[in-house]
Amino acid sequence: MKAVVLTLAVLFLTGSQARHFWQQDDPQSSWDRVKDFATVYVDAIKDSGRDYVTQFEASALGKQLNLKLLDNWDSLTSTFAKVREQLGPVTREFWDNLEKETESLRQEMNKDLQEVKQKVQPYLDEFQKKWQEELQIYRQKVAPLGEELREGARQKVQELQDKLTPLAEEMRDRARAHVETLRQQLAPYSDELRQRMAARFEMLKEGGGSLVQYHAKASEQLKALGEKAKPALEDLRQGLLPVLENLKVSILAAIDEASKKLNAQ
């Protein structure tokens, strides 16, 4: 039964993701996706790192050393936050320029994707319709068994399970058949889309000039990004210096204190 439940869960999840992929009306821009990912990642590191620092300072060794790491950590995260704010507009400009330079290529690829999407959409709709019908049939078959369980005694649980197992296996087999049918129907269109994408890149490769042009423009944008990021990175370096110096002084003081205690013994 666990295998049946897992199979159905995979089918539900796969179906929902596929529908989201084909019917997404308002996709995020490249910059928004990168920004969201970076924000989540940095915040996770910041929170987990602060937890570790707090735990260390609360330990016996941390209290003995008294490094004041938490104060340094807060200063460090504040410095990183300022740098991130400074780099935000610069990075946004980089992505905007890169998207502008590759607009023509992306439009052609999106056109190919939309054409293939229109061809496969009827198959996806038909699959969803059949899947809903199968679920309805399964619910109708299971409903009387649920009523039996409510009215019966505990000894009927095993009997109910014996009745449910073949129904679940039947639904699993029918679902597999529908998935296999959908896979066979979509296979030619997947190949078509793959061939179209390959043809687009082959045209770029044969054109030579276009490919070199894309590379040159990307290199130019990266160079401009590096130049504009220099002030923010310098601010980061200047902000880190007092933090590192403070940490260095605390560590040396702790070592000196430990040495004095050892000599006194």
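Indices start at 1 and increase along the chain as displayed.
Cβ from N, Cα, C; glycine included.
Since the structure is predicted, the reported quantities are computational estimates derived from the model, not experimental observations.
Around MET109 (methionine sulfoxide), a 10 Å sphere centred on its CB holds 16 further CB atoms from the protein chains shown. In the three-state DSSP reading, MET109 (methionine sulfoxide) counts as helix. The methionine sulfoxide feature in Swiss-Prot is assigned to MET109.
What Swiss-Prot records for 67-265 is region '10 X approximate tandem repeats', and it gives similarity to another entry as the kind of evidence. Regional average pLDDT for the region '10 X approximate tandem repeats' (67-265) in the model is 71.
Summarising the annotation, Swiss-Prot assigns repeat '1' to 67-88.
The repeat '2' annotation in Swiss-Prot covers 89-110.
Taking Cβ pairs closer than 8 Å, the repeat '3' (111-121) reaches residues 22, 185-186, 189, 192-193, 196-197, 200 in its own chain, all 6 or more past its ends. For 111-121, the entry in Swiss-Prot reads repeat '3'.
The DSSP breakdown of the repeat '4' (122-142), given as helix, strand and coil counts, is 21 helix, 0 strand, 0 coil. Taken from Swiss-Prot, the feature repeat '4' applies to 122-142.
The repeat '5' annotation in Swiss-Prot covers 144-165.
The repeat '6' feature in Swiss-Prot is assigned to 166-187. Taken residue by residue, the repeat '6' (166-187) breaks down under DSSP into 22 helix, 0 strand, 0 coil.
Here Swiss-Prot flags 188-209 as repeat '7'.
The repeat '8' feature in Swiss-Prot is assigned to 210-230.
Annotation comment: Swiss-Prot describes 231-241 as repeat '9'.
What Swiss-Prot records for 242-265 is repeat '10'.
Residues or ranges marked as signal peptide in Swiss-Prot: 1-18.
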